[in-house]
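Step one of this worksheet: look at the structure below.
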Amino acid sequence: MSILQIKNLSKDFGGLRVLENISFSLDEGSVVGLIGPNGAGKSTLVNLIGGGDQPTRGEIYFGSRRLNGLPAWRIARLGLARTFQITRIFSDLTLDDNVRLAAWTNGWRGKNLETEVARLIALTELSDKTGVLGRDLTLSDQKRLQLARALALKPKLLLLDEVMAGLNPSELDRAIQLLAKLRNEGITMLVIEHLMRVIMSISDRVLVLHQGTLIADGPPAEIVASSQVQEAYLGRRYVKNRGGFQPDEPSEVKEGT
Amino acid sequence: MKNRHLVFTGLVLLIALLLPLLTNDYIIQVGTEIAMYAALAAGWNLIGGITGYPSFGNVTFFGLGAILAGAFSVNWHWQYGLAGIVAVLIAGAFGFLLGLPILRLKGHYFSIATLALAQATLAVVTNVQFLGGGRGTSLPLIGSPLIFYYIMFGIAALSALVTYLIVHSQYGNTLLAIKSDEQAAQSVGINTVLAKSTAFALSALLGAMVGVVYAIWQSYIDPPTVFEPGITVLMLVMTLIGGAGTVAGPILGAVIIGLLTQLAMAFSQNASSLILGLGIIVVVLFLPQGILGRQRSGKGGKRKGKHSFSLRG
């Protein structure tokens, strides 16, 4: 059964078409990777799904619910949580208050609230940072915090926009394990990531965006073998050293569109 | 920490309550004014300090409270208490409903819109006979100055209590989250429009309450006086000097500015403006977060753990 359906989605910014006629659906419980060069439209797509912006054309369904026109907070309350590529945390609140507020907003109360907050902080390995103000957290901690905060929404669908960028190899391994664990809990995920190692190890399926259009959609092995994807994104070097960490495209944190 | 707060609060209350017994009418008058501005600044702090929407039009609610209470009691012969309650509720509803569109604006745009709101309300009030028009409204003289001192003081204490309750609640965290990053707040399910408008309404309620008492205290009100933009500026400056977003900041700011103004007036009328101006410059340069505000320590800040003395009161 599909949990998310995107139908003929397009987005223009003024005269610039950023997304063109995108259609796909996500099966419940699946983990789908979304890759593509910087500027391909990945973050814009996530933004449209999360209600941060409205599509120019096309429709988005979450289950049977049409999301077009709904404000972002209402979409979040339906169980569709997201993280941001450029971290957005509540800098005036402590780490635990960040998570607590998200959980409280979504109905956790009293003792359950505290238990859940502690669980999420432990799950994202932030227990030693409780009490630290959001503004004083490192980038990697902020990324984890965003994930903990998103999980506080008890999401059915999680949109992860480059949560792994900036992690060192051992942190990366643990993050991959964490996502695998979340998948086992039945959370559907759409994962934007430049790190092919991550995409290959956790995705059931990969979507490739290039210049605003969906150029490939299939199992990871098939995607890696696709000459069109190699041309547009992975580069030939990736294929030569199959299993390399990332494509030729630089993956610094940049505001993707 | 908590004990220190309690002792401090107790001390302030004791001094404020006993002050009238030890002093003369002049001091009581100054005390009433300080309490009045403390309440107004605390009201401003809810929207400007905690939520991060610097309103330049909060005098609108002060003015509406004064004008409406006066009009209801003079024209419809309502008891002043009833007139006051209705006026406060109307001003609160006005704040909430206006907040819905106005709080979509951010930063300077919001500030300018609120400034325009105050001027537009003044223009309407001046042209409506029922509200006193250009003539103003005279109210009966009642009670002694001491009563108004205690009432204003009560409203100031109420404002501080409301602020305290808010910053120690998840609602307060909601407002702080909105101040930090509104889009992120929405992404965790916060109805930011509702939260902001509620804060604006609370701010309006407190402002109107002060206006209602001000009108009967002065026994004469005319629109240009109660919609004077300088009143909003004072609320803002007091809050910034004391520490925006803190519980005690606006009150401390009101006391400092109130006392400095009186001292300066002893020398000359103009000296008070000069001192106010210098005070603002000093605070902006050396204490950008206000006296009780959390000062950012160099790059990124090293402060760990709970907030310093101020943020949570």
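Yeah, the Cβs are placed from backbone N, Cα and C, and that goes for glycine too.
According to TrEMBL, the feature transmembrane segment maps to B:34-52 (among others). Sequence-distant contacts of the transmembrane segment (B:34-52) (same chain, six or more residues past either end, CB-CB distance under 8 Å): 16, 58, 61-62, 149, 152-153, 155-156, 158-160, 162-163, 166-167, 172, 175-176, 178-179, 195-196, 199-200, 202-207, 209-210, 213-214, 231-232, 234-236, 238-239, 242, 244-246, 249-251, 253-255, 257-259.
Marked as transmembrane segment by TrEMBL: B:59-76 (among others). Tertiary neighbourhood of the transmembrane segment (B:59-76): same-chain residues 40, 43, 82-84, 86-88, 90-92, 94-95, 114, 117-118, 121-122, 125, 130-132, 137-139, 203-205, 207-212, 214-216, 221, 223, 226-229, 231-232, 235, selected by CB-CB distance under 8 Å and a gap of 6+ residues from either end.
Residues 53, 60-61, 64-73, 76, 110, 113-114, 117, 193, 196-205, 207-209, 211-213, 216 of the same chain, all 6+ positions outside the transmembrane segment (B:82-103), place their C-beta atoms under 8 angstroms from a C-beta of that stretch. Under the heading transmembrane segment, TrEMBL lists B:82-103 (among others).
TrEMBL lists B:110-132 (among others) with the feature transmembrane segment. Same-chain neighbours of the transmembrane segment (B:110-132): 53-60, 63-64, 67-68, 70-71, 75, 98, 102-103, 221-224, 227, 229, 232, counting only residues six or more beyond its ends whose CB sits under 8 Å from a CB of the stretch.
Per TrEMBL, the feature transmembrane segment maps to B:147-167 (among others). Long-range contacts of the transmembrane segment (B:147-167) within the same chain, counting only residues at least 6 positions beyond its ends with a Cβ under 8 Å from a Cβ of the stretch, are 13, 16-17, 20, 28, 31-32, 35-36, 38-39, 42-43, 45-46, 50, 175, 202, 206, 209-210, 213, 216-217, 245, 247-248, 250-251, 254, 311-313.
TrEMBL lists B:199-221 (among others) with the feature transmembrane segment.
Here TrEMBL flags B:233-261 (among others) as transmembrane segment.
Residues 237, 239-244, 246, 248-249, 252-253, 256-257, 260-261, 263-264, 309-310 of the same chain sit 6 or more residues outside the transmembrane segment (B:273-292) yet have a Cβ under 8 Å from a Cβ within it. What TrEMBL records for B:273-292 (among others) is transmembrane segment.
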